Amino acid sequence: MPLISEIDYGTPASRSEKMVTLTIDGNEITVPEGTSIMRASMEAGIEVPKLCATDMVDAFGSCRLCLVEIEGRNGTPASCTTPVAPGLVVHTQTSRLKQIRKGVMELYISDHPLDCLTCAANGDCELQDMAGAVGLRDVRYGYDGENHVKPRNNGEINARWTPKDESNPYFTYDPSKCIVCSRCVRACEEVQGTFALTIEGRGFDSFVSAGMHENFLESECVSCGACVQACPTATLTEKSVIEIGQPEHSVITTCAYCGVGCNFKAEMRGEELVRMVPWKDGKANHGHSCVKGRFAYGYSTHRERILNPMIREKTSDPWREVTWEEAYAHVVSEFRRIQYQYGRDSIGALTSSRCTNEETYIVQKLVRAGFGNNNVDTCARVCHSPTGYGLGQTFGTSAGTQDFDSVEHTDVIIIIGANPSDAHPVFASRMKKRLREGAKLIVIDPRRTELVSAPHVKAAFHLPLKPGTNVAILTALAHVIVTEGLCDEAFIRERCDWSEFEDWAAFVAEPRHSPEETEAFTGVPAEALRGAARLFATGGNGSIYYGLGVTEHSQGSTAVIAIANLAMVTGNIGRTGVGVNPLRGQNNVQGSCDMGSFPHELPGYRHISDESTRDIYEKMWGVTLNPEPGLRVNNMLDAAVDGSFKALYVQGEDILQSDPDTRHVAAGLSSMECVVVQDLFLNETANYAHVFLPGSTFLEKDGTFTNAERRINRVRRVMTPRNGYADWEVTQNLARAMGLDWNYTHPSEIMDEIAATTPSFALVSYDYLDKVGSIQWPCNEQHPLGSPIMHVDGFVRGKGKFIRTEYVATDEKTGPRFPLLLTTGRILSQYNVGAQTRRTDNVAWHAEDRLEIHPHDAENRGIRDGDWVRLASRAGETTLRALVTDRVAPGVVYTTFHHPGTQANVITTDFADWATSCPEYKVTAVQISPSNGPSEWQVEYDEVARRARRIAGKMEAAE
Amino acid sequence: MNVHVAGNDVGTKTLAIVGALKGLEGPLLPILHEIQAEFGYVPQESLPIIAQELNLSRAEVHGVVTFYHDYRDHPAGRHVLKLCRAEACQSMGGDDIAARVKALLGIDFHQTTLDGAVTLEPVYCLGLCSCAPSAMLDGEVHGRLDADLAAELVAEARR
């Protein structure tokens, strides 16, 4: 395993299909038109010296090192900014060029410290490499003149010198090592799209500045790491590299945070992770990353991680560390006892959307084959289950229709109920790039999210709807499209069921769906809505991206159907640049759904009642499967409170914090007799657990994750599991203790079983993934290379199905007692329940959850920015600090749910989607009042949590 | 003139200026000129407002403002005297003129006299090489400077 070093071609690839042939140093080479001479030469294997060029950003031509001579042309043009032309004869190394380059390097080095041996970039410094490449042997100017290097010149303070900026927790900025190549500035602009960096001043005074000469932490910087990656010197360096040194080998793996599924090189020294560097060949991220994937992996070695199995009789007892064998034996005897006492259906399991496909698959296999029931569910229940239902009904498969690359070809984007800048940052960067190229944007969100107005991005329309009125808005958009004759009739006639369309068209055309009528309760001005509908229907390739703001409603499934209708009526399905794209919250939500985690579905979305499907598994597993769907997680909790459900195996989930109506979850868990939690940390759910099985991180196991674009990415083990076993091994050992004859020696064997039993995964294997990098399912005989775009030659279900979408207001209504609507979401630096990110330096950005409230609402209640407020709903109350901002509309408040202390889900109610029970997180009627401290529940819960986390024989962890 | 402007005032005036000029193609430089004309310098607190209104980042606006030496980060004296320091003027005795002016004003380049009357600045070429050495007082150019003419300019600026 060597250190993977990726070739830097210097300038981005040209997309042209026209080829051009030229001669470089006597080699004939053919490249696409528009390619730079620098890139063409690198493709021929000749590396032209360069400093300011890198293939992640456009050519700039400032370093003057990459000069070449071209026969028949004057001077020495820069090879990065000079495009190829037919028949050119280029020389990259002549005596004239040598002399110029040496002279340029001499100038660079005359203002650069000569501390190479003790420099953090030693071994990974392009400046050093170039000094070597041009044969620099002497700097005639000396080092005593004006410089940026030394704090003092001859005893005088050197005003040009600036100290290191160490404000960012993950990297340092040392201006004394800067050669002002602008690569960081351009990476921030072109790759990340934040524009947080600039060159301050001019000439010899030039200086890279974050924000307005601010430190990095306080500037607009989002710590994505693109600048650090682009820096050719030690100016921007990971603190981990400064501390540890350069890595010696690397392994390609997949990030375990959001559903974008970025590929990274885990750069290692022995078993120590030095840094995560985004991989340029990663098909989801193309060499870009965000603060979480790039830097926030410290939780894997956090001191609070539990490494030994533990059991206890009662949740009020302290934990007792036991051997793995004791733990398995305890679980098996308890589960057997409970099933004997309360019946076969009294136990169940939850699979994890953060674990691998293989791990998820064997947990559901354990339930169906070992427990003998179908009581398995997953956290997709509480996020994207309506996507599964809605897209399944209309298109025939429950997955996004496009790959992420498709956004490069889109002309009009609708983002509804999603905030990619915070929740899917790498995809947001790609979207912003397309918006800067001229695509138009329509944002449908109660909040003014970052994409509504950001540097070089401005939404054409922002429709700030009242939370809970998605369906009305989407139907009104369809109303405008249908009544103004903007339908794509040819597409509908060819691809969809015409009579269903006619029925639907008549329904949406009813005057009660007009924007003028809906304005009264959606709060969206009719004119803006009409404008948005016209733009989407007539603006070219239209794509829709949506998130949990669509699904987590009582009409979540209806809204997904309405989105599908909108895509079909405008003909925006089945080609690149269009489509319906759910943005998945977790790394493997897509995978956990694919793997049969739902109580009614076997892997590949085949219903449990289907005999032929059951037959496949019954033969393979040697058991008889129950044809009746099992319990959903909310049903399990209800049944637990009723006394008929007694044991639960939870792998890698924290339902107490993430599921709605915390008190109900707590009541359910505490009525169970054996709760088994498998996790990295004693999470909130573990406070109610009887057995704790330590989990392993994504760095410690092999497997696959499936991202939001259905891409199956390999996860590779880079270090030994600190707890001793990968999660799949723990599940397998548990199954074996139950008497199941499982003998997987590697996750690849589990994938082989999946491929053998699931048609849409038929050709997937680890060997194939190693060969092609990653693959988008379906991958079978018909689609051997996978399927970047779905429904290309017609819908999976046959004809696209239009379904009426009647708006029914949620039962969760505002009134005199609860006059405001609370909606919830995420923030960039934290992830989900925060179990991982809270245990990293990401807390520098977001140390607590805040309640966003409009200045008017705040003033009415006498609340100032930063005040503690009491947030109360019908379900419960909590306290947190207010953030007064006009990002939210009057009448709407917003918070995140990353910190367990906040307990935002104490507030959320148990209303849920009619079709899939996906909870209505996004709408809760609340009241806000000033407060001076934590609520009763918070105090009580803190005490419960503190007591529940005691481990016998260990000092209480100081929180 | 040394004018102290309250923070709020900068905000409202900046917004008004941006609002009036934002429709122009490439509005940033005209806006900054107008702001400098209004306040006598470009107040730091106006930059985030400009950035937000033009859909730019604070960093970008900061980069532009610092690139141009003519945008001041604090108010200048009542008069601004610029002496050309470029090659042609230097070869025609610009150094001596500069030394004399500095002595007469009692300040160095980039400084303002204590009474706030004159700010002295170097400039690199006024495009007046044929009449070197040259200078500019409050936007008006003067060529073929000698010791007397320089003293006259200083006296005028002092008034």
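Just so you know, glycine gets a Cβ as well, placed from its N, Cα and C.
TrEMBL annotations: computationally assigned, not manually curated.
Going by TrEMBL, these are the annotated features:
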BINDING   B:Cys84, B:Cys89, B:Cys125, B:Cys129  [2Fe-2S] cluster binding site
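For the recorded site, B:Cys125 ([2Fe-2S] cluster binding site), the DSSP three-state label reads coil. Those same-chain residues not listed among B:Cys84, B:Cys89, B:Cys125, B:Cys129 yet with C-beta within 8 angstroms of the centroid of the [2Fe-2S] cluster site C-beta atoms are B:Arg85, B:Ala86, B:Glu87, B:Ala88, B:Gly94, B:Tyr124, B:Leu126, B:Gly127, B:Leu128, B:Ala132, B:Pro133, B:Ser134.
In the three-state DSSP reading, B:Cys89 ([2Fe-2S] cluster binding site) counts as helix.
When Cβ atoms from all protein chains are considered, those within 10 Å of B:Cys84 ([2Fe-2S] cluster binding site) total 28, not counting its own. Ranking the binding-site residues B:Cys89, B:Cys125, B:Cys129 by the number of CB atoms within 10 A of their own CB puts B:Cys89 at the top.
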